[in-house]
Structures are given as C-alpha cells and as structure tokens.
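Trainee: Dropping a structure here in structure tokens format, bear with me for questions.
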C-alpha cells in the first residue's frame, strides 16, 4: 500500500502565542470572523495529507501576497486597502495580534485578506510552488542573544520554503531596527536564491513609497534605533 500521508516534521516554536487577556470585542472577532477568513485547511490536523491550497478559488485569480508575522495588522490592512486587486494572506501565531487584525478588517471592509493564526511553516507546506508575488517580513522577533540566532526567521529552515512558494522575480521586503539582524539577513537571504536590490545607502535608509509606519517602528524610533528597509528579488530557478 502506498503511503499518502507525509510524516509530520518536528518543529520547535519559539515566541508568545497569547498575551494579555482578550477584550470582549476581540473574543467576538475571533469567534465570528476568524473561520470565514481562513485561507483553507493549513494545520496538520485539518490537512494531514498537505494538499495545496487553491489560491485561484480563494482570491478569484488575483495575485497573492504574504505577510509573515503581521503584529497588530496595521501594514497588512493598509496594503489590502491600497491594493484591492491583490489577495493578501497574513500569518501570525500571536492570538492577540490576530484579534487586533480582525478588528481592523471589520473596520476597513474588503474581501482580499485571509488569516492563518499559526506557524508560517505550516502555511508554507500547503502553498503551491511559485504562487506568491510579494512577501513581507516586518520587524520580526530579533532574538538578540547569540545562542538564539538560529530561532530567527532568516535561517534556511524558513528561507528555503519561502523561496519555494515565491514566483521568480517576486519581491521580498524585510524591515528591522536591529543591526545584527540586518547582517544575518544580508548573509542568509541571498544564499536562499535572492538578490538584494540596493544600489546606494539611501535605498535601505528610506522606507518604501507605500510604507505605513507600524507601532513597533514608532517604538524603535522613540528609543533611538534606526530602521533598515531591505528589498530582495527572487531569482530564477
């Protein structure tokens, strides 16, 4: 008998899943809005055979973008409102952030956002190859201690599956205020099949033209840290 269910990989997850007690309205958002906004069966429990998501059915054939760790959702909702012809999937395991995003989606309206409240690696499993046109990684957890650097997103464990799901020529944006995270990003991302598009220092010092500053970035600026805006392009092959 052929084996149809792949072995579930062992994945350690680091970081918060839940913070302060949710407000009543946030619990309502989770109860009422999360299931309708799901991108499809992503978890191993719901999709043990890891069948690919049908993005054409999900977004009516629209181009698809991905935000990895959307925090409170400011940037994701801004992009969705500014680009109604694009479908955007956000992945975030921190349930308080998910609830904040759902509230913003209610206020903004629109039908082009889907939300995965969990580990983006599970989402990578079920995204079709070369299906994503743009990806965002904005102020990810810096894991500042050296022994924890392997927990950062910019490692082969995350970058290789990201590269698989991005179309050739797709754009990958990274924003961070941590100099050592910049260093690791510039070392690891090109190795995964990307080219850095900066031609001059101003290219990483200036925010993107469609950028909206997030709460985390405002906190970094108040504390004297310098944002870096890195743009990469997925290479062919």
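Any Cβ shown, glycine's included, is placed from N, Cα and C.
Not my notes, these are from Swiss-Prot:
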| type | residues | note |
| --- | --- | --- |
| BINDING | 67, 92, 119, 141 | S-adenosyl-L-methionine binding site |
| ACT_SITE | 141 | active site |
| BINDING | 145, 177, 214, 215, 216, 217 | substrate binding site |
Trainee: Measuring Cα to Cα, how many Å separate residue 67 (S-adenosyl-L-methionine binding site) from residue 214 (substrate binding site)?
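Mentor: The separation of the Cα atoms works out to 14 Å.
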Trainee: Rounded to an integer, what is the Cα-Cα distance in Å between residue 214 (substrate binding site) and residue 92 (S-adenosyl-L-methionine binding site)?
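Mentor: Checking the Cα atoms of residue 214 (substrate binding site) and residue 92 (S-adenosyl-L-methionine binding site) gives a distance of 15 Å.
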Trainee: Going by C-alpha positions, which of the binding-site residues (92, 119, 141) is nearest residue 216 (substrate binding site)?
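Mentor: It is 141, whose Cα lies nearest.
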Trainee: Name them in sequence order: residues not among 67, 92, 119, 141 whose Cβ is within 8 Å of the mean position of the Cβ atoms defining the S-adenosyl-L-methionine site.
Mentor: 68, 69, 70, 91, 93, 94, 120, 140
Trainee: With every protein chain in view, what's the tally of Cβ atoms within 10 Å of the Cβ of residue 145 (substrate binding site), excluding that atom itself?
Mentor: 8
Trainee: Can you grab the distance from residue 145 (substrate binding site) over to residue 119 (S-adenosyl-L-methionine binding site)? Cα atoms, rounded to a whole Å.
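Mentor: Cα-Cα, rounded: 22 Å.
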Trainee: Between the two most separated Cα atoms in 145, 177, 214, 215, 216, 217, the residues recorded as binding substrate, what distance in Å do you get?
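Mentor: The substrate-binding residues span at most 24 Å between Cα atoms.
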Trainee: For residue 141 (S-adenosyl-L-methionine binding site), which of the binding-site residues 177, 215, 217 has the nearest Cα in space?
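Mentor: Closest by Cα distance to residue 141 (S-adenosyl-L-methionine binding site) among the binding-site residues 177, 215, 217: 177.
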Trainee: Measuring Cα to Cα across 67, 92, 119, 141, which the record gives as the S-adenosyl-L-methionine binders, how far apart are the two most distant ones in Å?
Mentor: 14
Trainee: Please state whether DSSP places residue 67 (S-adenosyl-L-methionine binding site) in a helix, a strand or coil.
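Mentor: Its secondary structure by DSSP: strand.
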Trainee: With Cβ-Cβ distance below 8 Å and at least 6 positions apart along the chain, what are the contacts of residue 177 (substrate binding site)? List them in sequence order.
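Mentor: Looking at Cβ-Cβ distances below 8 Å from residue 177 (substrate binding site), excluding near sequence neighbours, one finds 139, 217, 220, 225, 226, 227, 228.
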Trainee: Long-range same-chain neighbours of residue 215 (substrate binding site), Cβ under 8 Å, sequence gap at least 6?
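Mentor: Set apart from residue 215 (substrate binding site) by at least 6 residues yet with Cβ under 8 Å, we have 71, 72, 74.
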